[in-house]
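Per TrEMBL, domain 'NADH-Ubiquinone oxidoreductase (complex I) chain 5 N-terminal' is recorded for 71-120. According to TrEMBL, the feature domain 'NADH:quinone oxidoreductase/Mrp antiporter transmembrane' maps to 137-436. According to TrEMBL, the transmembrane segment annotation covers 6-27, 88-108, 120-137, 143-163, 229-246, 294-316, 323-341, 347-369, 401-421, 441-469, 490-514, 661-680 (among others).
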Amino acid sequence: MGDSTYISLPILIALLALFAPLCSFFISVIGGKSIKSGLPATLMISISLVAAIFLFVNIWDREAVYQQISWFTIGEQEFKVGLVLNNLSVLMLLLVCTIALPVHIYSICYMRGDRGIHRYWMYLSLFCFAMLGLVLADNLLLMYIGWELVGFASYLLIGFWFTKEAAIKANKKAFLINRIGDLGFLIGIAIVYSQFRTLDLLTLFGDNGVVKQAINDGVTWGFSGREMPAAWLSIAGIAFFLGAMAKSAQFPFHIWLPDAMEGPTAVSSLIHAATMVAAGVFMLVRISPLFDDVVLMLISAVGAFTAFMSATIALTQRDIKKILAFSTISQLGFMMVAIGIGQFGTAIFHLVTHAFFKCLLFLAAGAIIHEMHHLKGISGLDFDTQDINNMGGLRKFMPKTFCLTLVAALALAGLPLSAGYLSKDAILIYSFEWAELHQGIWIILPLSLLLTSALTAFYIARFVFKIFFGEFQLKRIFTKNLHLHEAPKWMLYPMFFLGICSLFPLFSYNPFLFEDVWVLKGFDITESLQRVNIYHTVVPAAVNGLSIVVIFVAWRWYARLKYPIRLSSGFLYRFSVSQWYVDLAYNHLVVKSILLISKFLYGVDRQLVDGTVDKLGKITLTLSSIAAWLDRYLIDGLVNGAGKWSFAIGNFLRGSRNGKVQHYMLSMFLIFLIVLLFCLKFF
């Protein structure tokens, strides 16, 4: 379905889902500080969720629905705008709304009493509108607008507590890093448009799209008889990947995400764990026919390296939210690997499962921080409420939060009966099959993912054991009775829902075979990889065996406090806790270089440009003064002097015309005398 004189029912429902959060945004804008309740925003996102469920039921695994209207015209080129409803868009629509509603409910309790609560609901509603617009967009330009809006909303929410210096620095950092990626996205759009004269996603990347058709026919990438060098295909793909690297926090643009944890924890769960950071993955899947082998290999290599690097950093972090932030970066790396090996449906499947269990982990962390803040307030002690070294034994005080955290942790570790087991195993198995197809050095890719999976199990086990096991670390300095208690019920209800979604029954009746997952069946899975049955048996066994071993080691180290070795003074520990010195390298190589160049340019501007202008100004002023003096005393003096002399002579001559004969005779005598003297002088 394309252009039409009427709007179809699915498109109307999609518009309702899209604009409901925007209505909430305008309510907050108009109401201002008087809108302190989160009920309007929660009601609107609930409407979006109902609409998303309707669309999913009616569109999933059926014919796509799309509709366009004329947007604007440049010359003879008409640009159209519309919405597209296919398996990918309705799944993402449902995911965003399903995650957003529990976060809204959680936020009502978590953010209660905050002085800027009206801004919180305003920004959150703006983000939901932007994210839904991004996933429903039918062309690259509209997707780019949604892309920019989610970045802007993220910027506002990271700096929500703008009185904190760290929050201000964090949102500036996120803004600047994402601008680099946005430039790449824009360059990719420009290259595609310059070649195909359209930005329509279905026209470009659909089953019969011009990009896929050109590749299938084995012809040079071209349009309307014009041919473009094949290298431009790679350049366009790399440009789009640059945008995804920044938005989805891939090395070396990952540095903004850990600092983004300065925003409210509920925001971190929705934006910086489940939805916005996954927008890069979504975008790459949406335009996947564009990528050639060079770009796909680059994506898989960057993803594998990012996954491993971030997992090693998460091993030693002490901030509860930064551990989860680096975990998110690592899991996004897994999704990138799935894209790089051509398993786009698997990437989306892991995106969906990760959204549920990572959102749950963040909300559980928020509940813990909430109680630690409460304890800090009543105790008068000054301690870091997010440092896991200040926790311990919390399962006695927060048993429900502990159980829910455990469910999410098992899903992150990829252990059986969890949703994470199905999606992570799919990526690992496909990566081994892909490596066997390509052979050579590419075996490093699945092996690095296998090692990363073991590291993931270790750091999430450390997370659980240090927070919930052992003794409460502040008990020895706490003179009063401990007032730690379970999180409020309206924070627990959303967590229970996410806990259910983190288990296998939501995705498959078989907890051990990812091939039966309904999400994967909704995407065209090409048989680009030869099935190797041994991998489908050995890889899950190896991953689970390694995970169990490292979890046992973590239990002895952090629950039983039996450390066989001390690593805190070693180089590897410092390397990990310093985040591989990437931030330090940025500060020295990028920030300081830019500041040095800025100071140099400032000096050039101040001394050379401004100095030259100032000197020219002084010279001009001096010349102007001389000209004014000459004008006043020479030119004006001559003119005025001539006038005065003429006036004096006139007065004199006028005085001689008085009717007295003696005066006339005197005048004649003087004139005669003057003429005589003149003749004697010159003749």
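Glycine too: its Cβ is placed from the backbone N, Cα and C atoms.
Remote same-chain partners of the transmembrane segment (661-680), defined as residues 6 or more beyond its termini with a Cβ less than 8 Å from a stretch Cβ, are none. Sequence-distant contacts of the transmembrane segment (294-316) (same chain, six or more residues past either end, CB-CB distance under 8 Å): 234, 237-238, 241, 245, 249-251, 254, 284, 323, 326-327, 329-337, 339-342, 434, 444-445, 448-449, 451-452, 455-456, 458-459, 462, 573, 576-577, 579-580. Highlighted: of the candidate stretches 143-163, 347-369, 441-469, 490-514, 490-514 has the greatest count of Cβ pairs under 8 Å to the transmembrane segment (401-421). A Cβ distance under 8 Å defines the sequence-distant neighbours of the transmembrane segment (143-163), meaning residues of its chain 6+ beyond its ends; these are 116, 119-120, 123-124, 126-127, 129-131, 133-135, 137, 170-172, 174-175, 178, 182, 185-186, 189, 201, 243, 247, 259-260, 262-264, 267, 271-272, 276, 279, 283, 286. As a summary of secondary structure, the domain 'NADH-Ubiquinone oxidoreductase (complex I) chain 5 N-terminal' (71-120) carries 28 helix, 13 strand, 9 coil according to DSSP.
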